[in-house]
Amino acid sequence: MESIPMWQFVSLSTIFSWIFFSSFFNFTQKFRSLIQPWVIRRVIKDTPFILKIQSFHHGFFDNLFSTMSCVVSVPFYTAFLPFLFWSGHGKLARQMTLLMAFCDYLGNCIKDVVSAPRPSSPPLRRVTATKDEKENALEYGLPSSHTLNTVCLSGYMLHYVLNYTQHTDSASLLAGFSVVCLFVGLIALGRIYLGMHSVVDVFAGLVIGLVILAFWLTVHEILDNFVVSGQNVTSFWVTLSFILLFAYPTPELPTPSFEFHTAFDGVALGIVAGVQQTYHQFHHEGVPRIFSPTLSFQVFMGRVLVGIPTILLVKFCSKALAKWILPVLSNTLSVPIKSSCYIPTLNESLEDKKSNGSKQSGYIQKFLFFSSQDSFDVDTGIRFFQYAGLAWSVVDLVPSLFSYLGL
């Protein structure tokens, strides 16, 4: 049996202690009362400037900025990252995945802690061309997640490309930096033009993104070495993922931000667990890479045609399995649960228990200091389980199929 490294014990204990003390002393509400009024005043003050930008309204700009927003959205990265794994760039893919999960968690935490509204519409014109954008509009405003994610992911991509191609001359650095700055600038401008964010939201996203990127470039090699060859990796990440679900702050009003975090929390766990188990078979630095003699574009497309249906099937099966197992497990542990959308019958049974006065706190509830809560939303566990299964299949099951099929 592997011993638990001290740093793992300390880090998990620190997060757990933060959950307890922040709840006990009501840190979220106290910080919100300090920062939220100032942000709201800034959002209102930025309205005339946003209206001036929107005065250049044109269908071309609507389509351009809406398309660019889709290209840097969380669903796009979720679909794009499997291609990176299957193209042979495993290190870039796992770093981008973990960085995306980190950005999504931290950005959404700040959103829900501050709970500052987006610019008012009307008088502003808000363009939500896709279902994803309509869901984004239900979140709080500060910081701009699109700006934050674009700074981090495009910046890390530039770092990887320059190091991979060994182009470290000043001309290559200047060209790459200029492209990234232009891209980030267009995304930031687009969020204001579309009426999704105020200037203060975008500026906060830019600053927080730069801080996260600088931090990530400091620790990414250490983190990657831990994922591929560390001690106690999977059990540590399972515990970390579970604790982070409870460490998430409570917003002033419910938003979809926690759902987005839950999904990417599951994705990060699935990737880490899968890579840690199969690194030497499928994800080491010597694997064939796209456009090389050992991995042609035709073979890569064959991988895509096999991989995409497989991971979608795994996601469906993981969801069905979680919908069956989690309610049974919760009942066994005497933890009252509800379901906001996946299992509507659970709400009916919960109401029956309340009316009969049979509500009872289980040992797990008491252990986690949550006995005052009426019930827990099982949809969180289902969502987490299905995305963990999907991510695991990307790096473990699907590469095994490729090996079997000779792709």
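Positions of Cβ are set from backbone N, Cα and C atoms, glycine also.
Just so you know, TrEMBL annotations never went through curation; they're auto-generated.
Because the structure is a prediction, the values reported are computed rather than measured.
Over in TrEMBL, the protein carries these features:
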- 93-217: domain 'Phosphatidic acid phosphatase type 2/haloperoxidase' (DOMAIN)
- 7-27: transmembrane segment (TRANSMEM)
- 64-86: transmembrane segment (TRANSMEM)
- 173-194: transmembrane segment (TRANSMEM)
- 200-219: transmembrane segment (TRANSMEM)
- 226-248: transmembrane segment (TRANSMEM)
- 295-314: transmembrane segment (TRANSMEM)
### Query
Under the DSSP assignment, what numbers of helix, strand and coil residues are found in the domain 'Phosphatidic acid phosphatase type 2/haloperoxidase' (93-217)?
91 helix, 0 strand, 34 coil
### Query
Who are the chain neighbours of the transmembrane segment (226-248) in space, where the CB to CB distance is under 8 Å and they lie at least 6 residues beyond its ends?
2-5, 8, 11-12, 15-16, 18-19, 94, 98, 105, 108-109, 112, 258, 261-262, 265-266, 268-269, 272-273, 275-277, 279, 283, 368, 380, 384
### Message
Same chain only, please: residues at least 6 beyond the ends of the transmembrane segment (64-86) with a C-beta under 8 Å from a C-beta of the stretch. Say none if there are none.
### Response
92-94, 96-97, 100, 104, 127, 129-130, 132-133, 136, 145-146, 149-150, 153, 186-187, 189-191, 193-194, 196, 260, 263-264, 267, 283, 300, 303-304, 307-308, 311, 394-395, 398-399, 402
### Summary
In the domain 'Phosphatidic acid phosphatase type 2/haloperoxidase' (93-217), averaged pLDDT is 86
